[in-house]
């Protein structure tokens, strides 16, 4: 562990107090470590990450999602330290940083390889492609009426949905927007994709969990022009009814550092019993 990168979300740590604390904690363990810092992913890309042994992300889950797309093809593992709101992906809380870093240097951790998702569509003569860790969401614009979406799975017609949109998520993303729209919680190491209609007009419209090798094609009725595509809730692009959106499992994987098998503890504490306004959580 000789080269460590730290990507800090400056809106969460504007005075760099947490960043300096992390640097000091690392130097207390090994003074010879070379530490490079990045603010909001500036300067941190695939080429840069190849020189790093680990990327420490200081922020929340959104910072991890942003970092993940920035270093898309990189195999450098990410360690998330939560100074955000929820911190489901960012497993390490700030009060346990020193213990976590000691485990990191002793090699007492595992690396989880998380599936990513990819969407493609044609724009003129160009093929547009976007990858994400959580989800791809196709939804109507603010001024738009309820829209109709025709869904094909492996080129076979599956169903038509009329509603606000459609969420296609990885198992990692199942606890994000998908869960808010009534989709299922899926263990993050399951090799699947999940399709969830958003607020469909038809009560019988439900999520479907698919083999990750599935190719999902979605077309919008041509009379709807005000539609958008969202990747991880952070990248937005406008699409129209003449385009077919294709979604499938990405060839890239995101490597996340984990110190214990505490998935169900984290799920219970941060998702199930963290629902605001519900004393008993979401279940």
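Just so it is clear, glycine is given a Cβ too, placed from its N, Cα and C backbone atoms.
As recorded in Swiss-Prot, the features of this protein are as follows:
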ACT_SITE  61  active site, proton acceptor
BINDING   61, 62, 134, 135, 145, 164, 175, 176, 177, 178, 179, 180, 234  NAD(+) binding site
- Sparsest Cβ surroundings (other CB atoms within 10 Å) among the binding-site residues 134, 175, 234: 234
- Using only the residues recorded as binding NAD(+) (61, 62, 134, 135, 145, 164, 175, 176, 177, 178, 179, 180, 234), report the maximum Cα-Cα distance in Å, whole number please. 32
- Item | Cα-Cα distance linking the residue listed as 'active site, proton acceptor' and residue 175 (NAD(+) binding site), given in Å to the nearest integer | 12
- CA pair residue 179 (NAD(+) binding site) / residue 61 (active site, proton acceptor), Å rounded to integer, equals 15
- Row residue 177 (NAD(+) binding site), column other C-beta within 10 angstroms, all chains, value 21
- Message: Helix, strand or coil by DSSP: which one applies to residue 179 (NAD(+) binding site)?
- Response: helix
- Integer Å value for the Cα distance linking residue 145 (NAD(+) binding site) with the residue listed as 'active site, proton acceptor' is 32
- Query: Could you give the Cα-Cα distance between residue 134 (NAD(+) binding site) and residue 61 (active site, proton acceptor), in whole Å?
  - Reply: 10
